[in-house]
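Report on one structure; see the data block that follows.
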Amino acid sequence: MIFYFFLALFGFCWGSFIGMFSWRWPRGLGISGRSFCDVCRRPLLWYQNIPLLSAVYFRGRCVQCGKGFEGLRYFAIEASMGVAFVLTGYLWQKDSSGLVRLFRDSWGDFSLVLMLSIVLVFVGLFVVDLEKKLLPDVLSLIAGALIFLLTFFLPSPLFFNHLAAGLFCFIFFLSIFLITNARGMGFGDVKMAFFMGLLLGSPLLFVWLILSFVSGGTVGVILLFLRRATLGQEVPFGPFLLVSAYIVLFFGEDILSWYINLL
């Protein structure tokens, strides 16, 4: 229980950072300096920076001007990060997939640090793409570096399998990008596809591709039906790529076995 308590605590704290980064980066603001109210621009008091507290106790309002400063947004990100860290730690401990076992064999306990770091960056990419339809290069490159590090010490045949999977995904997404003249997806998705293929390898990359496109298409149809979107309107694809990659990392082999048994 102590293990999961500290995972949740670290998740809440890093979620606070991601909430700040994902708000500042699209606005061209640096990440250094104290957090401030979005309305009155005064620095937040120290106790307003305690993760989850601002939304629960202060109801997402600045204690100095009384206005809301997107406290509920920060609460959602911080809580989600805490849950993601605990879930990742649980699935890592459980050896939920052969791929996770391979990473543990290569890196030992440090594999959990790498995987939590990847999850952290994934959440940052998810939030920015969902809100601004952008995948920041700085986060994509950090994710790529972490994934490369995680896979580099796999046995040579497996590493080259993962590298080839990354190249396949890159070429596949680049083809869609060029054929649709960038209307089908952004180039950030193309770059992200390489890193997802590198992480998952073959044959799990095909599970990831199917899950990403099916989930993205399903949500798109639902949004059209509910009139929350129109034909031709851009819907960020990055969140579907990221969530699907997380699911496939831990459950992809089970999904693949289930599908094969259906045939």
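Residue 1 is the first one shown; counting continues down the chain.
Keep in mind that glycine also has a Cβ here, set from the backbone N, Cα and C atoms.
Remember, it's a predicted structure, so these values are computed and weren't measured experimentally.
For 6-25, 74-92, 112-128, 135-154, 160-180, 192-225, 237-260, the entry in TrEMBL reads transmembrane segment. The domain 'Prepilin peptidase A24 N-terminal' annotation in TrEMBL covers 9-89. Annotation source TrEMBL lists domain 'Prepilin type IV endopeptidase peptidase' at 119-220.
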I'd like the per-state residue tally for the domain 'Prepilin type IV endopeptidase peptidase' (119-220) from DSSP, helix first, then strand, then coil.
85 helix, 0 strand, 17 coil
Interface present between the transmembrane segment (237-260) and the transmembrane segment (112-128) (three or more C-beta pairs under 8 A):
yes
In the same chain, which residue numbers or ranges, 6 or more beyond the ends of the transmembrane segment (74-92), come under 8 angstroms Cβ to Cβ?
3-4, 7-12, 14-16, 18-19, 22, 51-52, 54-56, 60, 100, 104, 111-112, 115-116, 119-120, 123, 127, 250
Which sequence-distant residues neighbour the transmembrane segment (192-225)? Criterion: at least 6 residues beyond either end, Cβ under 8 Å.
99, 118, 125, 135, 140, 143-144, 147-148, 150-151, 158, 161-170, 172-173, 231, 235, 237-238, 240-245, 247-249, 252-253, 255-256, 259
Model confidence over the domain 'Prepilin type IV endopeptidase peptidase' (119-220), averaged pLDDT:
93
